[in-house]
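In what follows, a structure is listed as structure tokens, so that the remarks can point back to it.
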Amino acid sequence: MAGPGWGPPRLDGFILTERLGSGTYATVYKAYAKKDTREVVAIKCVAKKSLNKASVENLLTEIEILKGIRHPHIVQLKDFQWDSDNIYLIMEFCAGGDLSRFIHTRRILPEKVARVFMQQLASALQFLHERNISHLDLKPQNILLSSLEKPHLKLADFGFAQHMSPWDEKHVLRGSPLYMAPEMVCQRQYDARVDLWSMGVILYEALFGQPPFASRSFSELEEKIRSNRVIELPLRPLLSRDCRDLLQRLLERDPSRRISFQDFFAHPWVDLEHMPSGESLGRATALVVQAVKKDQEGDSAAALSLYCKALDFFVPALHYEVDAQRKEAIKAKVGQYVSRAEELKAIVSSSNQALLRQGTSARDLLREMARDKPRLLAALEVASAAMAKEEAAGGEQDALDLYQHSLGELLLLLAAEPPGRRRELLHTEVQNLMARAEYLKEQVKMRESRWEADTLDKEGLSESVRSSCTLQ
């Protein structure tokens, strides 16, 4: 029953205490179960008298959706009850507050922290997308932190959520203007892709401290939403190329040009495949078993590739592990595998240099045969520049970028090249360059994995979040 006065209402089986927040038609309280477990929960109290037809529909949709889903990064609906005055949604309690407060008390988040958080949100969004559910009100205020010590994000407040197939279109305005996709305001016609825009705004705010349409007045906000100007990213702080690429593709005003859901989930910066999970260690171990087998067979290149792939899973396994003793054991193993990978790298690098020298005569002949093809000759020059960068110490990333640029051109030219000797030489050169690019990509990844493992060797993820995000 609801209690009199201005205090929290009374609900059988629970003791409601402090108010956590309130919205248009609901107030959320922290509560304790009266059972022996004394479980802490959050109870969303919705006053029946405040409900109109639209808000009743929103509430019923929220209950229907949350009843049927379980995901580590979506707030769990444990139960719901009602009495003559209120409807009560008994939810999982998240002690860390919301993402908006977390960002603003730290001003901005480092890219590595933002990436971990974005992986968690992308995982929840993928889960919803597979079930044709669109949230339609994604914003930092609707994203909760499980705690401040070891924060995990939890998507909350499904009041505007809808069952929407990718091809469904809606016309009813929903969401918060700062995080709303432009087509919701400008065309009043939208589909599930509006959630991708909102993810871009959330990431932008995490990295730069405010959303891209931050305004002093509603008229200024409306002008920014209706403008056709491209969303420009600040030059500071410095961000990785992949991070900037993702932001620009999420914050594309035209939904037909916006990144697709599948490309978002597969984007190298999101990298859901390597998200910390209970499966990370098993996948790393399976790859190491294969690497050791190839190593014993004398296939150094295959062994190196498998060790590098294993490291890509060992790092998230370290993030996921909470037991200090098991974490130390994983770190020790990672150190061994990195050392062996470095030895194999020297062997493979020496072999690759020999192959490059052997291929010089064929490469020179191809260049001679390309004299009447300026575009082909230019692409081969870029490939030569990539090789030179590769031989220079510390030039792996620049070399990889040049290889990828060259291959982008050469693959198109190969497809258009008529049969003949030049086509044969070009095909061989493309195969060689692709192998070099793949090898370099693994070296860059291995270096990043080793750096991250070394970082974890000094402090856990929660410490890293606290120390790197806290204002001095």
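Cβ atoms are placed via backbone N, Cα and C, with glycine included.
Swiss-Prot annotations:
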ACT_SITE  ASP137  active site, proton acceptor
BINDING   LEU20, GLY21, SER22, GLY23, THR24, TYR25, ALA26, THR27, VAL28, LYS44  ATP binding site
DOMAIN    14-270  domain 'Protein kinase'
DOMAIN    280-348  domain 'MIT 1'
DOMAIN    375-444  domain 'MIT 2'
MOD_RES   SER176  phosphoserine
MOD_RES   SER300  phosphoserine
MOD_RES   SER350  phosphoserine
MOD_RES   SER384  phosphoserine
MOD_RES   SER464  phosphoserine
Collapsed DSSP category at the residue listed as 'active site, proton acceptor': coil
Winner by Cβ contact number (other Cβ atoms within 10 Å) across the recorded positions SER22, SER176, SER300: SER300
Pairwise CA distance, VAL28 (ATP binding site) versus SER176 (phosphoserine), rounded so that it is a whole Å: 20
Secondary structure of SER22 (ATP binding site) (DSSP, helix/strand/coil): strand
Secondary structure at VAL28 (ATP binding site), reduced by DSSP to three states: strand
Cβ-Cβ distance under 8 Å to ALA26 (ATP binding site), same chain, at least six residues away: LYS44, CYS45, VAL46, ALA47
Tally of DSSP helical, extended and coil residues in the domain 'MIT 1' (280-348): 63 helix, 0 strand, 6 coil
Cβ neighbours within the same chain of LEU20 (ATP binding site) - under 8 Å, at least six residues apart: VAL28, TYR29, LYS30, ALA42
